[in-house]
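Listed features, source Swiss-Prot:
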| type | residues | note |
| --- | --- | --- |
| REGION | 35-164 | region 'Disordered' |
| REGION | 192-225 | region 'Disordered' |
| REGION | 583-910 | region 'Interaction with CCAR1' |
| SITE | 712 | site 'Interaction with coactivator LXXL and FXXFY motifs' |
| SITE | 889 | site 'Interaction with coactivator FXXLF and FXXFY motifs' |
| ZN_FING | 551-571 | zinc finger |
| ZN_FING | 587-611 | zinc finger |
């Protein structure tokens with residue numbers, strides 16, 4: 001109660017003059033109810049003033065009314081005949097009776113009884129407490145009869161408040177607002193339970209006192225035995241506080257004898273078995289009071305250590321158990337475990353420390369390391385990543401500095417063994433990753449027990465045995481005989497062990513910064529690109545969606561390959577007129593004029609000079625002329641006599657040297673080579689099967705657009721029939737992408753991972769996660785062949801162009817003759833590129849054999865990928881993998897022809 005401070009003394013302020021808020025009036029009414037309990041069986045009043053004097057007057061009136069009603073009941077019972085009483089007892093309703101605010105039966109709204117009902121008999125052995133009126137009737141030998149309820153007095157009061165009379169007597173004298181609030185706040189259910197418990201306890205204690213002869217006070221009978229007014233007041237205050245959303249920290253502590261309810265949200269913390277569902281009201285106050293109670297045998301230090309969000313939280317992060325000493329069962333549990341149904345009441349940091357302390361999402365089983373331990377149980381917060389060092393023994397601890405894209409392909413451990421590698425124990429091989437099969441382990445698994453210092457294998461078809469047959473029909477260099485990835489061409493000089501960093505783009509430490517001199521001649525938008533920095537060349541939007549190929553002369557959009565260079569139509573016509581004409585052009589400046597789309601007509605001299613620098617010649621209008629020129633020279637050499645044989649050889653050598661000095665064909669291939677394409681994969685999201693495969697399909701869609709543009713710019717390709725052009729591209733796109741990806745993996749990451757795109761690099765973990773591990777291993781082995789054979793960029797460009805013409809339908813194309821001629825011309829160009837670097841014919845033949853064997857090895861890999869993509873397209877809806885429209889059309893229409901045998905590849909060697 002609020003007080004006023006006077007000059008020299010403290011005196012209470014009159015309640016009638018006190019100004020309070022809504023909640024202050026509520027609790028003031030509750031306090032007045034507690035201080036003035038009222039009669040034993042009060043009746044509900046419509047309203048009560050806050051003053052104490054008015055409450056006393058109203059209570060006296062209620063007592064007088066109650067006495068009058070009791071007298072009327074006795075008179076009616078005397079007038080009622082025994083036969084009518086028996087009939088009323090037989091016709092009584094069997095349902096459970098509820099007491100109203102004046103002791104009447106409270107019936108449901110749907111039931112309208114036509115006659116009064118008799119109350120059920122009260123049995124003391126069942127724990128029932130008879131009503132006072134019933135006790136009077138029993139003493140006189142009359143059956144108990146309940147009067148009919150009044151019509152108007154009690155109709156305004158809520159029906160649920162009728163249950164509060166026997167247990168909380170002071171509630172009847174409170175205001176009507178309090179009753180409405182308690183009814184709306186769902187506090188009645190809790191008070192009903194407490195009423196039943198109080199009645200049962202009161203009956204048992206009353207019987208014990210009667211047996212011992214001890215007198216029973218009116219206060220004990222009134223509150224049900226051992227309960228007191230202060231205890232009931234505390235329960236009511238706490239129930240109202242919780243139901244109104246107020247804090248319960250300021251309430252009084254529970255007595256040491258009170259027990260903790262099992263349906264409390266804190267009950268599992270203290271070892272109490274939880275109930276089916278926690279109640280929202282008073283149990284929280286009871287549990288809170290019991291947790292804050294300082295009982296005997298519990299120190300202050302233990303009580304201070306309870307709070308799970310303060311001191312215990314720090315200990316939980318350090319790996320210690322969160323102790324809770326709020327009850328006697330706290331010492332036995334010793335661990336703070338919150339139930340899963342109460343996730344809204346707990347902090348995420350409580351279980352993250354214990355769940356993530358020994359968990360690493362990147363301790364995945366790699367192909368060249370020992371078998372990992374069983375994975376930890378799943379966690380609801382599995383999307384959170386913790387990049388801790390790998391902790392799988394000696395072979396795994398060596399990769400502690402590896403990042404997310406780390407690969408253990410270069411680690412050499414004596415105990416590392418993969419499936420099918422002859423591990424000493426069967427348990428080691430059985431605990432290998434589930435995606436490994438027996439065939440995959442033998443064909444593509446890591447080499448177990450390689451010679452020298454290597455236990456790591458190449459992951460390809462070659463095993464670790466000395467007498468293994470080379471799959472490509474040739475002998476690899478001595479440093480690659482053991483199948484070790486990191487042994488060829490001294491990769492550590494330019495490829496450190498850091499692999500690819502965690503950022504979605506490769507870091508400068510893992511990318512070969514020099515592309516070679518073969519890209520210097522192409523000054524297009526992507527020809528002078530250097531992968532020295534990670535984000536300089538990938539952030540612009542035109543990198544993800546590259547524009548059309550530009551003219552090498554003026555930078556305008558190119559219309560095709562003209563006179564040996566990729567140019568626009570304007571520069572094509574200008575070069576033809578300027579080269580064939582006899583007019584000489586002179587520059588008015590210093591021969592360094594800017595030639596672009598808007599200023600290309602300002603200086604014809606600089607424009608013509610730039611055309612020659614790009615490799616444009618009148619003799620390169622058609623690729624046939626070069627072949628015909630060589631055949632003509634060979635025919636002339638064969639028809640001449642022996643004295644002129646030396647002269648013919650000199651002409652042939654001079655022709656080859658001139659061709660090497662002006663590589664028209666290579667200039668075209670270098671100019672039309674597609675740039676780097678990104679997949680748009682979000683590396684910040686967790687790796688999943690659907691995400692990886694959807695990104696691969698999106699990358700295939702983007703690369704397919706570049707393949708079409710690249711094929712149309714190839715010399716001689718437009719001379720094919722239009723249907724033949726479409727068919728060749730649709731049949732060979734998979735092999736072209738695999739071959740180009742193998743080259744990128746060799747040049748960027750030294751064939752240790754699959755470099756699909758700068759933002760989509762597959763390490764061992766992603767290979768397993770994508771469920772195409774065997775195909776990925778074969779593609780990685782293809783990439784390793786570029787290093788073992790030391791493929792030059794010129795050889796790669798020519799082999800890639802030849803790969804376009806390496807698969808046709810069984811029935812043939814519409815213009816099969818011209819297709820065969822075009823394919824033969826590209827084969828001759830590959831032979832010329834080989835002959836430019838080698839003088840010995842035997843060496844040239846061996847090199848040609850190796851390169852053609854490598855081309856043949858692409859076809860089986862492409863067929864496996866065709867089968868995989870076709871099966872994935874059928875199940876795409878079930879596995880949530882997205883397919884772009886063009887990719888889905890090609891896979892659904894053209895791939896079945898390849899799988900059914902209607903379209904077959906052209907092999908150089910017998911398979």
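Cβ atoms are placed via backbone N, Cα and C, with glycine included.
Note that the coordinates shown come from a computational prediction; the quantities given were computed from them, not determined experimentally.
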Averaging pLDDT over all residues of the zinc finger (551-571) gives 87
For residue 712 (site 'Interaction with coactivator LXXL and FXXFY motifs'), just count the other CB atoms lying within 10 A of its CB, please.
-> 15
One should report the C-alpha separation between residue 889 (site 'Interaction with coactivator FXXLF and FXXFY motifs') and residue 712 (site 'Interaction with coactivator LXXL and FXXFY motifs'), rounded to whole angstrom, as 21
The correct DSSP tally for the zinc finger (587-611) reads 8 helix, 0 strand, 17 coil
Tally of DSSP helical, extended and coil residues in the zinc finger (551-571) = 3 helix, 7 strand, 11 coil
